[in-house]
Amino acid sequence: MSSLNEGVDEAHSPSLTGRESFVGLQSKKDENKTVETEEQTRPLNKGVTSTSIGAVKPLKHHDTQITMMSVNRMTKASSFKLAPSQLSELHDPKSLTAFNNVFDNDESNLYTYLQTDRTNGLTIQDEDIESLERTQVYGLNRIPERKGKSFLRLVWEAFNDKTMILLTVAAVISFALGLYETLGQPPEYDPEGNEIVKVEWVEGVAIMIAVVVVVLVGAINDYQKELQFAKLNKKKDDRDVVVIRNGDEHLISIHDLLVGDVISLQTGDVVPADAVLISGSCECDESALTGESDTIKKVALKPALEKYKQIFEKDPTIDIGSHGVGEKVPDPLLISGSKLLSGIGNAVITSVGENSVNGRIMMALKTESESTPLQERLSNLADNISIYGCMAALVLFIILFIRFLTYLPNGKKYHDLPPAQKGSKFMNIFITAVTVIVVAVPEGLPLAVTLALAFATTRMTKDGNLVRVLRACETMGSATAICSDKTGTLTENRMTVVKGFAGNLGFDDTTHAENKEIKSAVVLRSNCDASLLTDILSNISLNSTAFENKESQHKDKDVDENPYHKSRKSLFPWSRNNRTSQLIADAMKENDEQFLGSKTETALLAFAQKSLGMKDVHKLRTKPSDLGIDKVVQVIPFESSRKWGAIAVQLADNKGYRFYAKGAAEILLKVCSNQRNSDNSIVPMNQDLYDESFKKIQDMASHALRTISLVHRDFKEWPPKEFADSTDPSIASPDLVMGHELDHKNLSSEGMTLDAMVGLQDPLREGVKESVEQCQRAGVTVRMVTGDNILTARAISRNCNILSEEGYNDPECAMEGPTFRKLPYKKMLRVIPKLRVLARSSPEDKRILVETLKKMGEVVAVTGDGTNDAPALKLADVGFSMGISGTEVAREASDIILMTDDFTAIVNAIKWGRCVSVSIKKFIQFQLTVNITAVILTFVSAVASAEETSVLTAVQLLWVNLIMDTLAALALATDKPDEFILDRKPKGRDAPLIAVSTWKMILGQAALQLTVTFVLHFRGKEIFFPNKRTITAHEQEQLNAMTFNTFVWLQFFKLIVTRKLDEADGISKFKDRLTANNLNFFQHLFRNYYFICIALLIGGFQILIMFVGGAAFSIARQTPAMWATAIICGLISLPVGLFIRACPDEWALAIFPRRLVRAILYVFGLEFIFKRNKNKKQHDEDEEASLLVEYANDSSLVESTAFQRAKSDMISHKVHPPTSEPSKYNPITAINRWRSSSGDENESEEEHSFIASVTMVPTLVGGAVGGFSHITGPNENKKQ
């Protein structure tokens, strides 16, 4: 029976490992064959029993579309035999039977029909890949974008608001009645005999125009938002893949993949299109596409077909995925979107874009983006406030309508009016009530967070953060802990080999080399035995996934000569001006680096080329006989959980097999039983030699060098029987072949042979030290989680200020992963607050750390680059993946991609996250002030008016609504974070939307505005016309217009006050709050051009309205005194704002006790404003209480004092709320709740039973202070 690993074993030519080495594992290039141009289609077996991907089958209309498109393409004179639909059916369902029907069970036919080459891939010379016949037939690997909402659609949606419809209907009726009064009624004359110009129709027209303006502005904002997020989604979906074209490997965008392309895949990649594995083996996760939770083992096509042929002869109905009948059919088919969990190999693309499985699923599943938690909270806040706005409008309408009815009977003032005027009076009442709803509904709240997120994510992208999940942006503002990788994040990820040992010969190229007798690496070749150098070179060059950067070899040539550059430029013209692409290109330095891939492996390849005489790695991999090697027989990719990677090769001339491994120095040293000296002699690795080697590792690690060991072991056969994998005997088990840790004091078993150790230098990134200090100042704890040696980790963490000088030698500040993992849970809780460095950590260690931090109430951000980091990235509140060094699986699991792998970008993310939160709170403060003032002013003035009209007309209120909703949102949600934003401690994810300082400003400014407007409205006659008992209608219009003007200028200057939130949180003394940072409302004013433009727009339009608004805005020309009054009253907002800001929050709590405020809000159903996430809070309290009980009962951790026993006694008396379990009750929290004058934020009627806890206070206090307890401790007497 043929081996399932034969895709590696049966190489026709000497072959090697890695991306490029698998080219060598393929068969020789097929001879060119003439492809018939006539159309040929083979009937596919529709009766296969394979598991179908359910999400794809229902798309009958889409399948039809593809089929018709395919037919249209194929009817032309095409050299391709197969339609896209035929290739698509190979994967849906996965079927070797279908493959057999199409390709006659012959692998070579696959390459022939697709006109590609197994080894060299496609041969493409065209400048524009879109013009290729292959592209015309099979398409590009792009999913058609869901057509966004047109501007007219957004206009229609904005107009569909119920209040807007009501207002429009009322405006139309008002307009009709106004026209009737103007044209259908006889003219009226004033006492002087002049005809009165009738303009009753103007108000209806003005309202309609105002509605149009509001709708258009809202639609424009929504349109801009959609454009912003569409750009982000384009960037988010693009990534690079290694493709073999014209015999060379290239990094190209997945969108440029074509059917027939040969791609190179490795652990952590996401399959970019439907493909067939042609060499290597791997395990895939297809759960997101098929729902199958088990990992799927993939084998190369040739051994899969041979095995299928054997099984098919026994049972013709069996296929991939069949169960219970005969043997399992091997699976060589890779589904687009599946993830490589392990392994490596090459595959040929069969379907791209919308023809692939993932493409069709994505076409069907494209949905609207979900709301973020903050958007949902603000929407709920807006909905609840809207209810009371509607109630106020309803009450106002009822009052005015009743009064209107009382004016209708005989003898009343409305009795003699014509019906049209009576109708007009009623419509005025209706319009006033509806306008109150428009003003009361804070629809700007969700808009503000959307604008803030759109602005922040766009700026974050420019700073190197690509936001994949919007909620992550706002969550980062609450982050309290960062668990960061070292390599590439804190360091530059530009490694170079600077020190090491080849056998017993040392070399040192570092600047700190003190021993002048130590050789430089450049003379290493002349001082080592040729056999040793060959093995070191074989291990470095073959046991590697890095490959040569062909573009760097031609960097002096114009890049336009490269067809791939040309094709990408033609396909993505926007990328030339794309700062994001430039960031990544600058970070990767693609055209300057000699090798591409893992930075550790590229450093080793550069070392081999410079110091060991390696000429051409591509030639060595395709012709390893120069190294005395026949072929590669097994590849064991590097995994972070093992800390090593390896290959097994068959030596030339039947000399047996050699196993090469490289990885973490001290881990491989533990399994070495021998050391190879520079003269090629082998000496046993006794305890003295082991200690000497370990000391060398420690010395390199203490100088912040990453240490790597190169080892080998010889075998007579492969795989050795005792090391064969239990699931696949044709390969060796990685854990078994590496062996266990040896006892070097008494060597009794054979292990590896140590060939060399090297130290790699990776300098710190510029600005990392300052960024870590910024995080610490902001109350965010930075922890380094790395796979490096603990000495290396300590040295680097000390250099970047993560580890303090005092904690450098503290074992609880820097710990190794295995030690951390074995800690008892309770001790782990005690250690974690001090922990700063976790070295030699596995992804599981990182996951445990993140999980425990979250249980402790921290908001955790995590960086990760490997496939195994995905669980920790998913578990974290915010997961950062590496845009350059990260795997696709890690990126898929993350919320934000660090496009430059730079830690400073995380600090920027914290700034922008906090900025979003601050912007929203600013807008809430501004909007609620306007809401309260406008609704109360409109309500009171309308009720007090004899004409049932408000001092603010409908058109004026619509202008105010435009200011407070849309324009203010643009002005306040687009501020950049300043340098002080990191001086505050994080508020936590469950902080209330409206803090005490915000309420203080809202109520203070609302009180000021209502006082000013009421005085002007009700006492304006006495102020401006003191000598008149009655005033004319024109003079009354002047006073009303002045009140409106004053109201708008109050909002104008309140907008400036709102630019800065309270910067003195926690400062309780009045004089200490008098700082420029807290009181300077104009700080950084000219940095936000949006704010300046919008402020000028509001001020300019208000002046224009007051001068030319006329009848449309019910404006009468203002006197200079009225203008001065409006401006001066508006300016009062600034000093009042300064005074309110200087007042400590404690003063506000003394005037308005929180319990009283909460009681009032509870009566009106607004208690949700203070409410946090109760389930989360209760969970945290229960967790805390549980830990207190554990500590109280664990004498190994906490001394059994009288205080602890008193607390335990209190717990045992079961003083707890009805909703809590006795065993999880926290007595300290209970007493604090009872004592607190402010009350608990989740207080309910049931919790009033907490007063019962008073009876237990003597137990607690007596036990703590006097040692009182009704149970005497084991080492105490009652005198104690």
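Residue 1 is the first one shown; counting continues down the chain.
Backbone N, Cα and C define each Cβ position, glycine as well.
Between the stretches 117-137, 1167-1187, 1209-1229, TrEMBL puts its region 'Disordered' entry on 1209-1229. Across the range of the domain 'Cation-transporting P-type ATPase N-terminal' (101-179), the DSSP-based residue counts are 47 helix, 1 strand, 31 coil. When the stretches 201-221, 928-946, 1121-1140 are ranked by Cβ pairs under 8 Å to the transmembrane segment (385-406), first place goes to 928-946. The stretch in closest packing with the transmembrane segment (426-456), judged by the count of Cβ pairs under 8 Å and taken from 201-221, 928-946, 952-973, 1121-1140, is 952-973. Nonlocal intrachain contacts for the transmembrane segment (952-973), taken as residues 6+ away from its ends with a CB within less than 8 angstroms of a stretch CB, comprise 167, 203, 206-207, 210-211, 213-214, 217-218, 221, 431-432, 434-436, 438-439, 442-444, 447-449, 451-452, 455, 919-920, 922-923, 926-927, 930-931, 934, 937-938, 941, 1043-1044, 1047-1048, 1051, 1055, 1058-1059, 1088, 1090-1091, 1094-1095, 1097-1098, 1101, 1105, 1112-1114.
Residues 1000-1001, 1004-1005, 1008-1009, 1012, 1016, 1024, 1038, 1041-1042, 1045-1046, 1048-1050, 1052-1054, 1056-1057, 1079, 1081 of the same chain, all 6+ positions outside the transmembrane segment (1121-1140), place their C-beta atoms under 8 angstroms from a C-beta of that stretch.
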